[in-house]
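One structure below.
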C-alpha cells in the first residue's frame, strides 16, 4: 500500500542527501586532480646544457616524455624520431599550442650532460635531454612506472638497458593524460594529442 | 666510449640490413657472407652486433612457430 507520509519524508530527505553528496564529489574532483597534478611525476634533473630543470619549469606546456638511453641500438632512435615527427605534425597546425618533447635517460652512468647534448641534436630542435644521478633519474620515472634494467657489461664495458618503451603525454597542469606504445604511429599520436588539446580545461585558474 | 651518432647508427643499420639480405639468400650460411659480416662488425658496437643477431634469431623462431605450429617436448609437465 502507499507509503506513509513519514516514509515519503524519509525517502525525500535520503534523495536530498544523496544529491548533495554527488555535488560535493563533483566539486572535489578538480581539487583532487589539482593535488595529483602537483604531486605526480615530480623530477629534478639537469638538461643537456647543464641547467637544472624541475617539473615546475614545464608547467604551462604540453610535454611529451620518453625514457631511453643514448647507447640504444635502434628502439630509442626510432621512438625519438617518431616523437620528432609527431611534434612537427602538430607544429604545422598554428591553432594548437606547441608541444615540448623531452628525452630522459635510464642510463645515468653513461649519459651525462655532454652525451645527452650530442644525442638530442640529431632530433627535433626543441628536444630537451634530461639526466642526473641514479636516484634522481629513478625518481623521475617512478610515477610513470618506468622499468629499466641494465644488462651485463661486455669487454668494451658496453651494455644494453632493457626498459619500458612508452611516450607519455603531460598536460600544462602537469597531469599525466595519456601514453603511446611502439604500435602507435606519429600520425595517430598527433591526432590523439590534438583531441586532448581541444578538450583541455585548465585546472589551476590564472 | 661515446654512443654512435645518427650517421654512425645509419651506417651500422645499413651494414646489418645488407648482411641480413645475404643470409636470407644463402639460407643463413655465414660462410657465404663473410665480407658483409666483417663490415657489420666494423660499423657497429659489439653489443649491438650481439643484440641484432639475437633479435634476428628470435624473429625467425617466431615466424617458424607461427607457420609450423608448436610441439611441446616429450615429458613436458602440464601447467
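Including glycine, each Cβ sits where the backbone N, Cα and C put it.
Curation does not apply to TrEMBL; its annotations are automatic.
Cβ neighbour count for residue A:72 (Cu cation binding site) (all protein chains, 10 Å cutoff from its Cβ): 23. The Cu cation binding site annotation in TrEMBL covers A:72, A:76, A:163.
For residue A:76 (Cu cation binding site), the same-chain residues lying six or more positions away in sequence with a CB closer than 8 A to its CB are A:66, A:68, A:69, A:70. Sequence annotations record features per position, and here TrEMBL assigns disulfide bond to A:72-A:76.
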Students should find that the Cβ of residue A:163 (Cu cation binding site) has, within 10 Å, a number of other Cβ atoms equal to 21
